[in-house]
Structure formats: structure tokens, C-alpha cells
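Undergrad: I am attaching a structure below and will ask some questions about it afterwards.
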There are 2 protein chains.
Amino acid sequence: MAVGLHDFPRIPEIKGVRIGVAEAGIKKPNKKDVVIFELCEGASVAGVFTKNAFCAAPVRICQQNLTTTASRYLLINTGNANAGTGKSGITTALATCESLASKVGVDAAAILPFSTGVIGEPLPVDKIIAAIPAALDNLSADNWHSAGIGIMTTDTLPKGSVRSFDFEGRTYTIAGISKGAGMIRPNMATMLGYVCSDIAMEVDLLQQILKDVVNQSFNRITIDSDTSTNDSCIAVATGMAGNDKVTSMEDPLAQAFIATFTEVMQELAHAIVRDGEGATKFVTVEVAGAIEQGDATKVAFEIAHSPLVKTALFASDPNWGRILAVVGRAGVDNLDVDRVQLHINGFEIARDGGRSPDYLEEHGKQAMAPQEIHIVVDLGMGQATDTVWTTDFSHEYVTINAEYRT
Amino acid sequence: MAVGLHDFPRIPEIKGVRIGVAEAGIKKPNKKDVVIFELCEGASVAGVFTKNAFCAAPVRICQQNLTTTASRYLLINTGNANAGTGKSGITTALATCESLASKVGVDAAAILPFSTGVIGEPLPVDKIIAAIPAALDNLSADNWHSAGIGIMTTDTLPKGSVRSFDFEGRTYTIAGISKGAGMIRPNMATMLGYVCSDIAMEVDLLQQILKDVVNQSFNRITIDSDTSTNDSCIAVATGMAGNDKVTSMEDPLAQAFIATFTEVMQELAHAIVRDGEGATKFVTVEVAGAIEQGDATKVAFEIAHSPLVKTALFASDPNWGRILAVVGRAGVDNLDVDRVQLHINGFEIARDGGRSPDYLEEHGKQAMAPQEIHIVVDLGMGQATDTVWTTDFSHEYVTINAEYRT
């Protein structure tokens with residue numbers, strides 16, 4: 001039921017990156033459930049991770065390894081999240097890293113492990129280790145599509161994005177994949193996003209840029225308000241494009257990179273929403289006229305999380321009173337409801353605390369009919385704005401999540 | 001689909017209270033959609049109301065009238081919430097109060113108006129005014145059941161509670177009705193609760209007791225996290241029992257009253273949850289071991305609001321990892337996940353940050369099978385606790401809310 005999600009793009013070689021996939025048989029048969037990224041020596045690797053205190057074992061290991069050792073491999077499995085697994089979760093994740101490290105001759109701390117799937121079950125470490133040789137044999141610069149499929153769980157389609165930009169005679173490419181369709185309310189990143197570029201960039205700068213751009217992309221989407229235990233987003237700069245290493249945010253090349261990187265990251269984030277569990281709508285919630293951005297963010301997320309708003313969106317029902325009710329309960333200090341305005345897909349719905357004088361039910365129906373819905377709430381208080389992307393709430397969502405484990 | 005909701009009780013006369021119902025034809029045919037409470041002169045009346053900034057016009061009028069004039073009548077309509085109606089909402093609500101006031105010979109400020117139903121549509125003021133004479137003709141001490149039915153919207157059953165207690169040779173009775181099944185996450189009270197007693201009690205004390213007890217009853221339930229624009233809870237002490245007016249919290253009679261009043265208020269609040277839209281489970285979420293009660297409250301509500309937890313409850317699926325994931329994202333400072341314990345219906349599910357050593361999937365299935373589910377999370381940090389009551393999330397919820405207006 002993905003909403004307006006385009007086909008997986010043709011992703012060219014990103015020099016310095018090879019990808020291999022293999023079948024470990026973790027949860028579903030005939031599923032390539034192990035994915036390995038091989039990164040060239042000297043690549044800069046940055047990562048952001050969930051802020052959930054019950055974060056998964058691999059998240060803890062990634063956070064530590066990134067601070068100690070240059071990363072050379074990403075080792076990803078689906079079908080098991082290795083979260084809520086206590087101390088043995090760490091042991092099993094480390095065992096997979098050590099197995100891969102010994103086969104490729106790097107330090108185990110040069111491996112970043114990632115898991116996604118059911119929470120609370122022991123990681124089937126033997127199955128994963130057994131699949132590593134096949135994934136290594138499969139390494140190729142041309143495996144982005146397979147990797148996109150490999151990291152899927154309840155996703156219905158693989159999600160990829162690629163952009164190039166030219167700067168002073170050189171062409172740079174940025175490509176990425178993402179997954180996720182439920183338990184999506186990223187708080188730092190989403191499970192899982194991997195974006196690679198051939199640009200040469202100092203790792204601290206890449207980390208800063210990743211953190212900033214995540215806040216305009218993955219950290220602004222929500223499907224069901226449930227922040228995952230495994231959210232991870234990784235950015236890689238292989239340095240193979242041949243430029244002098246970018247070291248400063250003021251470098252014009254950094255700015256050019258950020259612009260294109262943001263496009264890729266937003267496309268990947270939006271792809272997760274478009275393929276949200278049970279989604280029939282792609283909804284942009286824009287809140288303007290706040291005094292502080294934090295207020296705009298809060299109101300936008302409250303609207304995006306409201307089960308009543310989401311079920312009305314599912315029904316294409318212009319039950320806009322539910323949106324105003326959320327604005328009223330969102331906790332904005334000194335909100336003057338008489339100044340609030342609401343537009344949906346360009347139609348003015350409410351103003352002065354009530355229905356617009358020109359509003360007709362027919363307008364509401366027209367506004368709510370399309371698959372793509374753009375809600376704009378103006379609080380009428382200040383200049384700050386923020387935007388969040390979400391989905392509706394359908395029977396299919398209940399079905400998927402009531403039957404996920406069975 | 002109400003869960004374990006008992007039949008409406010036989011409520012005896014509460015001296016000083018008469019109730020009348022009538023059919024105004026606001027939204028549905030053959031529905032007594034106007035209810036009037038007549039209160040004796042000298043009755044103490046206290047009220048708590050929604051904190052939603054988009055609160056309905058009648059809520060604003062109630063708040064004002066309670067501060068200026070002794071209330072003599074409650075005028076309630078269903079089918080239209082008179083919320084999101086701007087300034088004209090106030091005008092129409094006042095018009096209904098004035099009409100009733102002129103017919104019964106009291107000041108219009110002695111009327112408390114209440115509305116519930118669709119948000120954002122103009123109040124059909126003429127229909128309500130036309131129904132007032134019939135409701136007055138119907139006034140009787142024996143109409144509690146009719147009133148319980150009269151205030152229903154998406155409720156499937158009327159909700160009532162009655163208790164008596166003896167104190168120093170006198171018997172006191174407390175009776176109440178409530179309604180609500182969706183847009184339920186009360187923040188001060190729920191739409192709508194009316195509780196009357198024959199006790200004589202000073203109005204400020206009654207207000208304080210109402211506020212305290214609401215925090216252990218209506219303010220601890222949630223169905224879908226959406227705080228209504230119309231939440232209102234009214235307590236009436238008619239004084240007809242003949243006691244000397246209670247004026248202090250230290251009075252032993254006040255303490256006896258609070259104990260029984262709390263039972264009535266909790267029964268009415270639980271009744272709303274048991275009849276929650278699409279509910280198939282009645283779920284008690286108890287969080288213990290917090291350093292501050294606010295943390296326990298926050299974690300309990302986050303669990304109660306999680307769509308993933310609620311859909312797992314609907315499926316009777318022991319997908320307890322989702323509960324731990326919510327605990328982890330709830331924002332408790334310095335949470336040590338290795339000290340968290342989880343019990344469901346008496347079964348130890350998780351400890352030390354992971355699955356209990358003795359846990360079997362069979363235990364989880366047994367724990368989740370009943371209609372009544374008791375979740376206990378121990379944070380292992382301190383002594384503070386709180387409890388919240390909620391429901392699961394079913395297909396029926398989506399159906400009800402996707403079709404509510406049509």
C-alpha cells in the first residue's frame with residue numbers, strides 16, 4: 001500500500017564501497033537477511049543512533065567502535081533486533097563482529113553491527129556467522145538494490161535515493177538506502193539508513209553534517225510515535241572522488257554537499273513514511289507562526305500522532321475539528337485560539353478560532369481526497385516553523401501489528 | 001464490545017436532584033439528546049474542566065458561572081460539541097441558558113451548559129431551546145438511567161455508579177453518571193461526569209476534593225491520547241442528608257466521603273475505559289520504583305498510548321519487547337535498563353534488561369489471554385508509583401473513527 005513511492009533508483013558505483021548479501025535463515029525463508037558493506041581504507045564514517053534507553057546491543061557497540069577505530073565494515077541482519085537481550089546481547093553481537101573481522105583481517109572494532117526485527121529474542125549468532133562467507137563472496141559495487149531489499153522487515157518496497165552534484169569540475173555522488181515502516185518516530189535517526197558518498201571529508205565534519213541533516217529528515221518523520229530501540233543512520237565519505245579533504249563547514253564544497261545530502265536524506269526519510277505500515281496517505285504537517293521552533297515541532301508531532309486525526313485522514317474525512325483539538329492540547333504557552341488558522345491542501349478551513357466563513361463541506365472533502373495531504377497550521381504568534389511527515393492510521397496498520405509475530 | 005462493564009445500577013433518589021430528558025433531534029433520530037439536572041437551592045456545586053486551549057464554548061461559560069453564581073441547573077446536549085465554533089459558539093450556548101433560565105425563573109448564570117459530539121459545527125440552538133419544555137416536564141428523581149443514556153455518544157452502554165456510607169448514624173449516598181469512549185485522555189476531567197451526593201458540604205471543600213479525586217480517576221484513564229475539548233466533571237452536594245455542613249478536609253466525615261467518592265469516581269472512569277471505542281481489553285498499567293511520581297505517570301501513559309503495545313494487546317500477543325521499548329523512550333532521567341522488571345498478570349516477563357531466565361512463550365500467552373490485563377513495570381530506582389487504565393487498539397477503533405461523521 002506504499003503511497004507514491006517511486007521505484008528503487010539505478011544507483012551507480014560509489015567508489016570505495018562494495019556490498020554483499022546472503023541468506024542466514026534468521027526468520028523468513030528465502031530472504032537475504034544479512035548485508036555487509038565493505039568500505040575502503042581511509043573512509044570517513046559518521047553515525048547517529050536512537051536515544052531509546054533500551055537501545056539494542058549493536059547500537060551500543062557501534063557507538064563505542066566509532067569513537068575508537070576507523071570503520072571498515074557494516075554488518076547488518078534483519079529478523080532479530082538484538083534488543084531487550086541484556087548482557088548476552090552484547091556478547092552475541094561481538095561474536096558476529098569477531099567472526100567477520102577474522103575473515104577479512106581487520107580489528108573487530110572496525111566492524112559496525114546492526115540488527116532489526118523482533119525485540120527480546122536471543123540473536124541467532126550461529127546462523128549469522130555461517131552466512132558471512134557467502135556475503136563476502138557476493139561483495140560488489142553494484143549491489144545497492146539487493147541491499148535495499150536485504151534490510152527490509154515489514155517494508156513492502158526497498159527504499160533508495162541517489163543524487164550527483166558538480167563542484168569546480170568534479171562530480172560527486174551521494175547514494176543511500178533506508179528501511180522501516182513501523183515503530184517509527186526516530187529520535188536521532190531511523191532504523192536503518194546508510195548513505196555513502198565518494199567525497200573526501202573529515203570525519204568530525206561529516207558527523208556534524210549528519211546530525212544537522214537528520215534533524216531535517218529522519219528526525220521529522222513519524223508513523224506511530226514509537227521510537228525504535230535500533231534506530232541507526234550511517235554516513236560514509238570514501239574520499240575516492242579525489243578532492244582535497246573537506247574540513248570546515250565554511251568550505252563552499254561542504255555547503256554544496258549539504259544541499260544534495262539533505263535531498264537524499266529527505267527522500268529516504270519520506271520513503272519510510274510512504275511505505276508506513278498500512279499507509280494510504282502521505283501527510284505533510286507544517287506548523288507556522290510559532291514563537292519558538294520547539295513549539296512548532298511539538299504541535300506538528302502531536303497532530304501527526306493523534307489517532308483521531310490519523311483515522312480521519314484514512315477516511316478522507318474533513319473532520320478538521322480534531323486537528324484544532326490537538327493544537328489546543330499540545331501545550332503551547334499563551335496560545336490564543338482566536339488567531340489560529342488551518343489550511344488543508346490549499347483550502348482555508350479554519351480561522352479566528354472557528355470554521356472559515358467561506359468554508360463548505362465540499363471544500364473539506366476536496367482537500368482530504370488526494371493521497372498527498374498538506375496540513376498547514378498557523379499559530380499566529382511568531383515566525384518559527386517546523387514540518388513533520390507522517391501517514392494515516394488504517395485497518396491494515398492494526399492487522400500488521402496484531403499479527404507481526406505470528 | 002464493552003469489557004466487563006456491569007449493568008447500569010439501580011440509583012435511588014438523591015434528595016435535591018431531579019433529572020429530565022427530551023428529544024431535540026440534534027444528530028440522531030429517536031435519541032433523548034437533551035438532559036437537564038435540577039439542583040435544590042443551597043446545593044454546593046464544583047466542577048473541573050478540560051485544559052485543552054480549544055475548549056468548547058460551554059466549558060468557558062461553566063467556568064465563569066461557577067465563580068459568580070450558585071448553580072441550579074445543568075443543561076446537557078449530545079450530538080454537537082459546540083467547540084471550534086469561535087465567538088458564535090458562546091452566543092448560542094448563552095441563548096440556551098437564557099431560554100432555560102426564563103422558563104424556570106432563575107438567573108441565566110445559574111445554568112451550567114454542557115455539549116458533546118462533533119467539533120466545529122454550529123450548535124443547533126433552536127432545536128435545543130424547543131426541547132427544553134419537554135425536558136422540564138420530565139423532571140423526576142428517578143431518571144438517572146435515562147440521563148446515562150441521554151449523554152451517550154459513541155458509548156455502547158450507559159455508565160452509572162452508586163454507593164452509600166454510614167457515618168455517626170446517618171446514611172449518605174453518592175451517585176453519578178459518565179460518558180465517553182473516544183477522544184479520551186482527560187486532563188482535569190472527562191467529558192462528561194456528573195456525581196451527586198446528599199451530603200452538606202462547603203463548596204470550596206467540595207471543589208478541592210473533586211480536584212484531588214479526579215487525579216486518581218478520570219485523569220488516570222486514556223483511550224487514544226486525545227484530550228477532548230469538552231471534558232467536564234461536576235460534583236454536587238445537595239445538603240439534604242441533614243448533616244452540619246462539612247467545611248474542612250480534617251473533618252472525619254470529609255474523609256469518609258472521600259473514600260466512597262473515590263470509589264464512585266473510579267468506577268465511572270473505569271466504565272469509560274471498559275466501553276472504550278473498539279475495546280476488547282481492560283488494561284491496568286502500574287509503574288513502580290520511580291524516583292518521582294511524575295516519572296511513573298509519564299511511563300504509564302506512554303505505555304498506555306503506544307499503538308504498538310495496544311495492537312499487541314488486541315492480538316493477545318506477548319510481544320513484551322514493545323513495552324520495554326516504550327519504557328526506554330519515555331524520557332526517564334538516568335534510567336538503568338538493567339534494573340527494569342516487567343510483570344504481566346502475575347507472570348515475571350523481564351528482568352535485568354532482558355527476558356527473565358524462567359520465561360517461556362507459554363507464560364506470555366497465558367498472561368495476555370484474559371480480557372483484564374495488569375501490566376506492572378518496576379523501574380528499580382525509587383519508591384514512587386502511579387497507575388493508569390486503558391484499552392487495546394482494534395480494527396473496531398479504526399472503523400468507528402473513520403466513519404464517525406458519516
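Yeah, the Cβs are placed from backbone N, Cα and C, and that goes for glycine too.
Annotations for this protein, taken from TrEMBL, read as follows:
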type     : residues                                       : note
ACT_SITE : A:T190                                         : active site, nucleophile
BINDING  : A:T153, A:K179, A:T190, A:E277, A:N401, A:T406 : substrate binding site
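I would like each feature placed in context: is it buried or exposed, what are its neighbours, and how far apart are things?
TA: Within 10 Å of the C-beta of A:K179 (substrate binding site) there are 27 other C-beta atoms, taking all protein chains into account.
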Undergrad: In the three-state scheme derived from DSSP, which category covers A:T153 (substrate binding site)?
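TA: DSSP assigns A:T153 (substrate binding site) to coil.
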Undergrad: What are the non-local neighbours of A:E277 (substrate binding site), defined as same-chain residues 6+ apart in sequence with CB under 8 A from its CB?
TA: A:T154, A:A181, A:G182, A:I223, A:D224, A:E396, A:Y397, A:I400, A:N401
Undergrad: Mind giving me a neighbour count for A:T153 (substrate binding site)? Other Cβ atoms within 10 Å of its Cβ, every protein chain shown.
TA: 22
Undergrad: With 8 Å as the upper Cβ-Cβ limit, not reached, which of the binding-site residues A:T153, A:E277, A:N401 neighbour chain B?
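TA: Sorted by position along the sequence, the hits are A:N401.
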Undergrad: What three-state secondary structure does DSSP assign to A:E277 (substrate binding site)?
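TA: DSSP call for A:E277 (substrate binding site): coil, neither helix nor strand.
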Undergrad: Near the Cβ of A:N401 (substrate binding site), how many other Cβ atoms are there if near means within 10 Å?
TA: 28
